[in-house]
């Protein structure tokens, strides 16, 4: 499914809508109005209708959205109607915690490779059954296990080198937790995660917000 360029804020909200709808499914909710969905997602109903309108017509006027149907439609829009294989590079405290987090599998993301340079970690088996490979093996393992997305949790000094290796291995999507901006070709999409930036926003609102 191909669409024109969509604002990133819309894509992020679609993820929020989908997770909220999945929670509603667990509560046996079959149909929901845009007003109720908006309230639970922290947006206004017009925003939901606008976001969905980028991709077609959804729901029934005066009735609302069929929850299961809308979940499946959003999954298709986001490309989540298929599994995605992940590789973790850097098994320090953060990387180890993330790779153990069950929420990834719940949403269709599966770790199929893990890498580190520490000889005390390389060769060890993780709770999910993965054996930690040395970073020197990255390209071969990435291709063998058909990894789609690389996650970097290395120190900043190593992040660019790891990004280069991931790109050479054919990876076009990187989630970067290292506290540094990495440079990649245009064909590779990078999402940077820096918790301190979120804290800066909170600090601002606590200091000057109403």
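Using N, Cα and C of the backbone, Cβ positions are placed for all residues, glycine too.
It should be emphasised that the depicted structure is a prediction, and the values quoted were computed from it without experimental measurement.
Per Swiss-Prot, the features are as follows:
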type     : residues               : note
DNA_BIND : 16-55                  : DNA-binding region
BINDING  : 90, 91, 92, 93, 94, 95 : NAD(+) binding site
Between the binding-site residues 91, 94, whose Cβ has more other Cβ atoms within 10 Å than any of the rest? 91
Which one of the binding-site residues (90, 95) has its C-beta surrounded by the most other C-beta atoms within 10 angstroms? 90
For the NAD(+) site (90, 91, 92, 93, 94, 95), what does the 8 A shell look like? I mean other same-chain residues with CB within 8 A of the CB centroid. 88, 96, 97, 98, 116, 153, 154
Residue 94 (NAD(+) binding site) -> DSSP, reduced to three states, gives helix
When you measure from the Cβ of residue 92 (NAD(+) binding site), which residues in the chain that are at least 6 apart have a Cβ under 8 Å away? 153, 154
In the predicted model, what is the mean pLDDT computed over the DNA-binding region (16-55)? 95
